[in-house]
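Asker: Sharing a structure, written as structure tokens. Questions coming.
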Amino acid sequence: MLITWWYLYLAARSFVEQSLKMASILQKLITPLFSGPPEPPRNKVTVVGVGQVGMACAVSILLRELADELALVDVMEDKLKGEMMDLQHGSLFLKTPKIVADKDYSVTANSRIVVVTAGVRQQEGESRLNLVQRNVNIFKHIVPQIVRYSPDCIIIVVSNPVDVLTYVTWKLSGLPKHRVIGSGTNLDSARFRFLMADKLGIHPSSFNGWILGEHGDTSVPVWSGTNVAGVNLQLLNPNIGTDCDDENWKETHKMVVDSAYEVIKLKGYTNWAIGLSVADLTESLIKNMNRIHPVSAMVKGMYGISDEVYLSLPCVLNSRGVASVVNMTLTDDEVAQLQASANTLWDIQKDLQDV
Amino acid sequence: MQLCITASLLFPLSLFPFCIPSAPLYLLFIHSDSFFLPHLLYCLPFTVCFCVLYALFPCYYFPQMSTKDKLISHVMKEEPVGSRSKVTVVGVGMVGMASAVSVLLKDLCDELALVDVMEDKLKGEAMDLQHGSLFLKTHKIVADKDYSVTANSKVVVVTAGARQQEGESRLNLVQRNVNIFKFIIPNIVKYSPNCILLVVSNPVDILTYVAWKLSGFPRHRVIGSGTNLDSARFRHIMGEKLHLHPSSCHGWIIGEHGDSSVPVWSGVNVAGVSLQGLNPQMGAEGDSENWKAVHKQVVDGAYEVIKLKGYTSWAIGMSVADLVESIMKNLHKVHPVSTLVQGMHGVKDEVFLSVPCVLGNSGLTDVIHMTLKPDEEKQLVNSAETLWGVQKELTL
């Protein structure tokens, strides 16, 4: 017993010595001019879920230098800590000085943007809508905690099926509808622009084309809007996107819809493209850019949709969230497709429990 | 004249055999004066035939301009210039993809090539990156099992090979990775004879030596990622201790990238102030601040991350992008990377170890000569001997 007290005394003594002497190199080297509590972060981003998509989002955001603090949250503690350490070891090469991670959501406090990638993912051949109820249950745990620690944040939902889950997040969070965004067809439009631009031999950013509606099998390509340098492609080829088109441009949209399935079949999952797309949205939000992106927003009252559903439309994003929605001139056929998607989504949403 | 007519008969006949029946008509009237009617009769089948063909296959006979041609006129007569700053990544595992994404997000190349043996995974990764092209400034991303896609690369990053399992040391991987390199390196050299090789696979110092021998490149074009990552880890931990950003904390770890790396305590400084000057015990056993533990954390760092998430990827990827940036942009920045150190610091053997080197677009052009303490030099010599002991057993 005496020995225990002796050891405790030795430990306490060396601890005190250490902390006193530790102060000495710091004291000798650095003279503080201002002591006070550390400043809270101004551009904090949280990523919920450290799977392949979550880490791709995190790395894209870090390498684009968008945040001054990054928080990671997940339920798998080892993986989470490992990913955090791996990112921290690269901090010499980054401009994000603070990278934190914990199972407990208190690390996410005061975030400006929260990216939710948590949830189960599509298996090979599985449709996004199959994942719904499983992911709703996960969200019931995640969303209230996010809002508790960051009541002023903007939530970007990435988990699939993204339109349904954005609705679920909106309901569970109680946030105003302009602060809950789904990554929606930002990725589909990026894929569309890449594939079309590739056929024309130009860079994707020089080809303008929008895919709206549901992020999934029933997305709507707006052929009337496709243009390069202001030259409308539908005027050059009036059959573009239809079945009687000789050049079969409709095939490109089909490739966009199938591309996720194809990449999943080849490498097991998709992550880089969605990560880059989320970083692009984050940039518009954090830098208050007022740029237009096709993201999933609440569309009740537009295009004759009477249900509370989230579908992708061209939205102006700034630091408040979705500032406004662009009214695209759509053909009757395209409006009908949007309405059909809205009905499908509402059918699924009305059956969800505890939302 | 009649000879011409006869000749002109034969040519179309060969094209349109079904017009033969009307040909004898010519022969009947060939010496008569009324030549017009048989001529008309002869031409009629051709005319009818062509009209039918034009009606049935208009897009073949009247090619419509495609949407692309209506939109874009190609005005350049010469062949397009190929890529000028191409980077290849060999191996699309976690490290390879982290390196690829870091290089892409830093806008370092105008073409990226990926190579691996697993075809599906390779194609999937390439597609995934291509789908993000809208957000990148690298127009061409290619991938194939065949090394011809890597032609004319400026920098080739080699990440292929077996990786450390939990608890396994880097030296265990040697012979497995040498065999893989015997296939990879000659293929790289064949298609990019002027490239700079950046070796990342572990054990990096030995494999950089192997790559140098197999490629036949001069020593300034074979670089090992070496202790660039160890130094980054060290500076991060130092930054946490001093509440500073890692880029303001200077410290160099040299030697073997692994368990016996050498922290050069005398060089550790902030704003030119030597920390060892403030704390002479720094790095020694009796140091109450226990800076030696910082170095131990660096050495153990990789093992710990592997234990937690199965592998390390992000830090090494960013470190590779940092080196590629210095090379591509000809920065002449000093990095601790693995190079041939024979003749330096008392090392006699032909081994590669990390020392501070100047990197530019020709490769590794200069080496900084550090003033090391005798025990630091002794550690380098010991590392060199261990590495040579392994290297001389290899069959190259």
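Even glycines carry a Cβ here, placed using N, Cα and C.
As listed in TrEMBL for this protein:
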DOMAIN    A:44-182  domain 'Lactate/malate dehydrogenase N-terminal'
BINDING   A:Gly49, A:Val50, A:Gly51, A:Gln52, A:Val53, A:Gly54, A:Asp74, A:Asn135, A:Val158, A:Ser159, A:Asn160  NAD(+) binding site
DOMAIN    A:185-349  domain 'Lactate/malate dehydrogenase C-terminal'
ACT_SITE  A:His215  active site, proton acceptor
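Would you situate these features in the structure and describe their surroundings?
Answerer: Confidence over the domain 'Lactate/malate dehydrogenase N-terminal' (A:44-182), given as mean pLDDT on the 0 to 100 scale, stands at 94.
The Cβ of A:Gly51 (NAD(+) binding site) has A:Thr117, A:Ala118, A:Arg121 as same-chain neighbours under 8 Å, each 6 or more residues away in sequence.
For the recorded site, A:His215 (active site, proton acceptor), the DSSP three-state label reads coil.
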Asker: Across the domain 'Lactate/malate dehydrogenase N-terminal' (A:44-182), what are the DSSP residue counts per state (helix, strand, coil)?
Answerer: 69 helix, 26 strand, 44 coil
Asker: For A:Val158 (NAD(+) binding site) and A:His215 (active site, proton acceptor), determine the Cα separation and express it in whole Å.
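Answerer: That separation, Cα to Cα, works out to 11 Å.
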Asker: Please give me the CB contact count at 10 A for A:Val53 (NAD(+) binding site), counting all chains in the structure.
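Answerer: So the Cβ neighbour count for A:Val53 (NAD(+) binding site) comes to 26.
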Asker: For A:Asp74, A:Val158, listed as binding-site residues, tell me which one has the smallest number of other Cβ atoms within 10 Å.
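Answerer: Comparing Cβ neighbour counts within 10 Å for the binding-site residues A:Asp74, A:Val158 gives A:Asp74.
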Asker: How far is it from A:Val53 (NAD(+) binding site) to A:His215 (active site, proton acceptor), counting Cα to Cα, in Å?
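Answerer: With the alpha carbons as reference points, the distance is 16 Å.
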Asker: Return the count of C-beta atoms lying within 10 angstroms of the C-beta of A:Asn160 (NAD(+) binding site), excluding that atom itself.
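Answerer: Cβ-Cβ neighbours of A:Asn160 (NAD(+) binding site) within 10 Å number 28.
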Asker: Counting across all protein chains shown, how many other Cβ atoms sit within 10 Å of the Cβ of A:His215 (active site, proton acceptor)?
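Answerer: Other Cβ atoms within 10 Å of A:His215 (active site, proton acceptor): 30.
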Asker: Neighbour count, 10 Å Cβ-Cβ cut-off, for A:Gly49 (NAD(+) binding site): what number do you get?
Answerer: 26
